[in-house]
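Asker: One structure, pasted below without further comment.
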Amino acid sequence: MPKNKGRGGKNYRRGKNENLTKRQLETKEDGQDYAQVIKLLGSGRLICVCLGDSKQRLGHIRGKMRRKVWIQNGDIVLVALREFQDEKCDVVYKYFPEEIKQLKNLKEIPENLEEGGGDNIGDNVVFVNKEESSSSDSDISDSDSDDSSDSEPKQPQKQQPQKPQPQKPQAPVKDNKEKITKKDIDDI
């Protein structure tokens, strides 16, 4: 059996012709606009907000970009607007973070635009143990009362009713022998 030399395979061949040269910055032309991806729908479709007119559109990722350029939530893309369907557009180009900075410097896109890929859902979630929840709730209510000024009346916080937890059936005791506790052992 021949010895493996560490070359070959699909991934090696895929990266072989990879050019790490800098891309030329693509700017919008007539019939194009910059957009930010809001939600990916699957099947090469997404929902994006066009930055020119702040309108939500259904975007279609063209076939040349599929499986080669990965688009995520929050990415800035260049879309081609359709003349015959105002509510749809075609994704033409995806910008890298360096290119987004250049576009901001050129005043092509707003400076206060948040960029970045990945879901931001659940970033503000805090997990609390059940035992600590009663003490942390009182800590939170104390800190809320410190922040409020004296001119505002304090409103009582609504507490959600707790659902009763089902009781586990206890197994019947098989032996009638007395149980010896740790206290009894210490007394002996």
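A Cβ is built for glycine as well, from the same backbone N, Cα and C atoms used for every other residue.
Pulled from TrEMBL, these are the listed features:
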type	residues	note
COMPBIAS	1-14	compositional bias 'Basic residues'
COMPBIAS	139-150	compositional bias 'Acidic residues'
COMPBIAS	174-188	compositional bias 'Basic and acidic residues'
DOMAIN	21-96	domain 'S1-like'
REGION	1-20	region 'Disordered'
REGION	129-188	region 'Disordered'
Asker: How many of the residues that make up the domain 'S1-like' (21-96) does DSSP mark as helix, as strand and as coil?
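Answerer: Counts, helix then strand then coil: 0 helix, 36 strand, 40 coil.
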Asker: Looking only at the domain 'S1-like' (21-96), what is the mean pLDDT?
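Answerer: Across the domain 'S1-like' (21-96), the average pLDDT comes out at 92.
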